[in-house]
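*Asks:* The structure under discussion is supplied below as C-alpha cells; questions concerning it will follow.
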C-alpha cells in the first residue's frame, strides 16, 4: 500500500506549491500501545475490582459500608447543626399528618403511616447516600398498595395489613439486589417526559380517589379514572354539604399557605406547616361542634411499633408484580430526586448505593410493621429549601414521628378525614417528549398505574432503540480561515471540496446501526453534497470518516466496514479515517481494516486527510486535463468533437491518473507530492 504524508515522520514538513511556501505539518497516526498482543490491554473487571479493593483504606471501607460516615467525619457543628435541626423539625411536622393520610389512601389504619415514617428514616440516614432525601410513605406507592391488595383481600381484614407489610419486605429485597448488582443505570432509560406524565396522571387519580371525603359518600377504589368518575356520578344523590365545606376550607388553607411559602422566603415555614395547620383547625372544630356528618379517624394505638417477622409468604408470587412495580417507582421517584438534590448541593451520588440504602430501610421497616417507603418529592424539596445539610435532618424527622407515636396519638382521634405547564413546555421544546408525556398520562388515567408505567417505560426504550439505530451523521466543512471542520448544516459558511466528502458519525458503531450508516454513506455518493471549493470532478473519490465521537465498534460493524471498503474499491473510492480513539484504532488494526485501506489513509486530523486527498485530486485532474487537451488537439477538427465525448475523456483521464499517481507513490519510496496552492487549501 502506498505511503502518503501520514506515513512520514511527524517532524517532516510539506511545502505548498504556491509562491507563499506556507509549511503544513501532517501528523502521523500511531498504532496504540498493545497493538499486536492477543489479550486486551485493559485488565478484566474482576481484577480491576480486586485492585481497587486492595487500595482502599479503613476509612474508605467504612464509607462504602456506611455512607453516613462520609458526612459524619466532615460535620460542621456550628454551621450544619442549626440548619439540620430546622429542616428536620419542619419536615417532621409536615410528615405527621401526611403519613396518616397516605396510610388511609393505602387502605390501612393511620398508625401504619406513622410506623412507615419512623424506622425507615433512621435506617436510611445511616445507609442512604443522599443527604436531603426525605423517605417515608408517599401517595403514589400508597395508591399502588391499595389498588393491588384491594383486589386480593378486603381492606378490613388482618391479612390485608400483613400483605402490605410483606410488600415492604419484598421491595426492600429487590432494591438491595438491584444495588448490589449495580443496576442503578436503568434510570437513564426512563425519559423525564414519562416521569412527568406518569406523576401528573397519578396525582389526578389520587385526588379523585380522595374526593369521597369532600362529597360525603363512598367512591369505588380504583387506579383508573373511568371507574372513579362513574362511581362519583352514580353516588351524586348522597352528596353531603358539611364534609364539602370543611374539605374546601382545608384545601383553601393548604393552597394559601403553600403559595405564601413559595412567594416569600421569610414565610417558607408556612409551606411545611400547612397540613398540620389544617389538621389542628379541623380537630378543634370537630371537638367543639361534633358534626354528625363528619367522619373521624378514630382511636390510634399509642407507643412505638414492636418487632415482628412479616407473614403471608405464601402470597409472594401473587405480590411479585406489584413489588417490581413499586421498586420501579422507587427508581423513578427516589433516585431521580436524590441525584438532582446531590447536584444542587455539590456532592456526588451513587445510584447503586442509593438503591441499597432504600432497600435496607424497607427491610428494617417491614420488621416494625411498615408498608413500602420511598423518597418523597414534596418533603425532599421542603427539606432542601429548609437548608438540610446532612442525613441528621432525617434522624430529626424520625425523632418527631417517634414523639408523636409516644405522646400524641390520643390527639389524633378526632381528626376529620379529608401538571399542564409541563405539557406546554414539552410541546414547545420537543414534540417527541410531548408525545411520551401524553401517552403516559392518558394510559395511566385510562388503564391504571401499572399499565401506565409499563407503556411509558416501553415507549421510552423504543425511542432509545430508535435513536441508537439511527445515529446522527453530519457532513463536515472547513470554517473559513481555520483548520476546524464542523457540521455544514450548523455552519453554512463552512466550505467543502469537490470529490471529497467528510462525514462524522456521532455514535458508537455496532450491529444495530451499521446498516443505517452504510445507507447514509451511499446517499452521499449518489446525491453529491454541494461543494464550493476545488476543481469540479463530477463525483466522489474520497470519503473521510471523522471517528472521534465513535466510542465503540463491534465485530458486526468491522465486517460491514470491510464490505463497504470492497464496494468503494470497485467504484474507485478511497476511504480515509481521521482521529479514532485508542480502543477503536486498536480494534480496526487487529481486524485488518487498517491494512485494507492502508496506513497512509489514517490521520490524526480531518484537515490532514483533506490535504492529502486534495493533492491527489489536483495532480490527477491536471494530468486529466492535459490528456483531454491532447485528445482534442489530435482530432482533425476539435470543434466537431462532441461535448459529451470531451467530458468522458476528461473523466477517464482523471480517474486513470488518480490511481496511477496513487500507485506511483508506492513505487517511488514515498516521495512527497507538492501541496495545493494556498487559495485552494
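Numbers run from 1 along the shown chain.
Cβ from N, Cα, C; glycine included.
Automatic, uncurated: that is what TrEMBL annotation is.
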*Asks:* Between the candidate ranges 41-60, 61-80, 81-100, where does TrEMBL place the transmembrane segment annotation?
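*Replies:* It is 81-100 that TrEMBL annotates as transmembrane segment.
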*Asks:* I'm validating the feature mapping. Which of 11-29, 220-238, 239-257 is tagged transmembrane segment in TrEMBL?
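*Replies:* Residues 239-257 are the ones TrEMBL records as transmembrane segment.
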*Asks:* So which of 81-100, 159-181, 355-374, 394-413, 434-465 has the most C-beta pairs under 8 Å when paired with the transmembrane segment (106-127)?
*Replies:* 355-374
*Asks:* Most CB pairs under 8 Å with the transmembrane segment (134-153): which of 159-181, 193-219, 318-343?
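*Replies:* Counting Cβ pairs under 8 Å, the winner is 318-343.
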*Asks:* Using Cβ atoms and a strict cutoff of less than 8 Å, what residues sit near the transmembrane segment (193-219) while being 6 or more residues removed from its termini?
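*Replies:* That would be 105, 139-140, 143, 146, 225, 228-229, 231-232, 235, 238-244, 247-248, 293, 295, 332-333, 336, 377, 416-419, 422-423, 426, 433-445, 449, 452-453, 456-457, 459-460.
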*Asks:* Tell me whether the transmembrane segment (355-374) sits in contact with the transmembrane segment (434-465), defined here as at least 3 Cβ pairs under 8 Å among residues 6 or more apart in sequence.
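*Replies:* Contact criterion not met.
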*Asks:* Mind checking which residues reach the transmembrane segment (394-413)? Cβ under 8 Å, same chain, six or more beyond either end.
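*Replies:* For the transmembrane segment (394-413), the sequence-distant neighbours (Cβ-Cβ under 8 Å, at least 6 residues beyond its ends) are 84-85, 87-89, 91-93, 95-96, 99-100, 110-111, 114-115, 117-119, 121-122, 124-125, 128, 133-136, 283, 296-305.
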*Asks:* Averaged over the domain 'STAS' (490-613), what pLDDT does the predicted model reach?
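*Replies:* Here the mean pLDDT over the domain 'STAS' (490-613) amounts to 84.
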*Asks:* Report, as numbers and ranges, which residues of the same chain sit near the transmembrane segment (81-100): CB under 8 Å and 6 or more residues beyond its ends.
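*Replies:* For the transmembrane segment (81-100), the nonlocal Cβ contacts are 110-111, 113-114, 116-117, 134, 136-137, 269, 272-273, 275-276, 278-279, 297, 379, 382-383, 386-390, 392-401, 404, 408, 412, 415.
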*Asks:* Please work out the helix, strand and coil residue numbers for the domain 'STAS' (490-613) from the DSSP assignment.
*Replies:* 54 helix, 23 strand, 47 coil
*Asks:* Cβ under 8 Å to the transmembrane segment (318-343), counting only same-chain residues 6 or more beyond its ends: which ones?
*Replies:* 129-133, 135, 138, 140-141, 144-145, 148, 152, 163, 166-167, 170-171, 174-175, 178, 184, 186-187, 190, 195, 198-199, 349, 351, 354-355, 358, 372, 374-377, 380-381, 384, 449-450, 453, 457
